[in-house]
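These come from TrEMBL:
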{"type": "BINDING", "residues": "Glu74, Asp117, Leu119, Asp120, Asp247", "note": "Mg(2+) binding site"}
Amino acid sequence: SMASPALLMRVVASAYSVAEKAATIVRNVMAAGDLAIVEKTGANDLQTKADRLVQMSICASLARKFPKVTIIGEEELSTDEVTEELIEDGHCEEILKRTCPAQYTGIKEEELVIWVDPLDGTKEYTEGLLDHVTVLIGIAYGGKAIAGVINQPYYNYEAGADAVLGRTIWGVLGIGAFGFQLTEAPAGKHIIITTRSHSSTLVNDCISALNPDSVIRVGGAGNKVIQLIEGKASAYVFASPGCKKWDTCAPEAILHAVGGKITDIHGNSFQYNKEVKHMNSAGVLAALRNYDYYASRIPNTVKQSLMP
């Protein structure tokens with residue numbers, strides 16, 4: 001008889017369906033027209049009804065199937081009011097058919113940490129910049145991001161009425177990443193992608209030091225990493241402490257699965273064990289190719305200002 005799929009593959013297969021359900025919730029909240037926006041720490045730190053419902057849906061759905069896994073979500077919410085229609089029980093059959101990499105076959109539930117950003121790019125969502133928005137489910141083991149799911153609820157939203165709305169990208173280290181066309185940025189061009197709403201002198205000084213041909217300013221860490229793996233940008237640079245573990249876990253797994261690299265501004269890897277602090281205080285530097293080129297050009301003044 002076939003051995004049942006390894007835990008990791010079951011978690012990723014479930015996270016795929018859970019992310020698709022999340023996308024439906026995101027689109028339904030927007031379509032209903034009442035985002036019920038709450039300011040958390042200020043005008044650039046918002047939470048909407050979609051953030052709340054999606055997080056409840058993701059966390060409750062995964063916790064029901066994998067009760068011993070640690071799940072850490074961005075929003076501080078009680079899980080009491082989770083209604084049955086928020087629960088997603090399905091999984092992606094295609095993912096279950098893949099062979100789990102040998103180094104992950106023995107993983108137990110209590111060894112996994114899932115980092116959830118229910119709606120990455122909330123500010124952009126409230127402003128109608130819908131292509132910036134992603135749902136992020138990152139899976140960590142031994143403190144490392146090893147698998148991830150990124151859903152873009154509004155992928156293709158400007159492509160006309162017949163276009164299929166939304167897509168789900170997934171990846172596992174040692175298998176690869178799927179659901180998009182891996183493309184490298186134009187050779188010899190330095191296209192830097194960075195924050196749209198959290199700019200600062202430090203952020204801009206760091207970018208200038210890289211001598212960019214062009215700079216793209218967009219919301220969402222998930223969105224920025226997608227731009228790297230689809231060849232629209234050569235490096236993602238954010239010289240600021242604003243980013244959190246749930247922003248980087250899923251994108252990191254997908255980027256690393258296709259041979260890219262993401263670190264803080266000093267070149268340190270991110271740690272994702274459950275005890276870790278949530279803030280990536282020393283910023284973000286990522287590239288699909290030529291990471292070292294960008295890393296070597298980060299000014300020392302920037303490094304000194306951003307301590308891990």
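Each residue, glycine too, has its Cβ placed from N, Cα and C.
Nobody curates TrEMBL annotations by hand; they come from automatic prediction.
One way to see the shell of the Mg(2+) site is to take the Cβ centroid of Glu74, Asp117, Leu119, Asp120, Asp247; the remaining same-chain residues with a Cβ within 8 Å of it are Asp51, Val116, Pro118, Gly121, Thr122, Thr134, Val135, Leu136, Gly220, Ala221, Gly222, Lys244, Trp246. It is Asp117 that, of the binding-site residues Glu74, Asp117, Asp120, Asp247, has its Cβ surrounded by the most other Cβ atoms within 10 Å. Neighbour list (Leu119 (Mg(2+) binding site), Cβ cut-off 8 Å, at least 6 residues apart, same chain): Val26, Thr48, Ala50, Asp51, Val54, Tyr125, Val133, Thr134, Val135.
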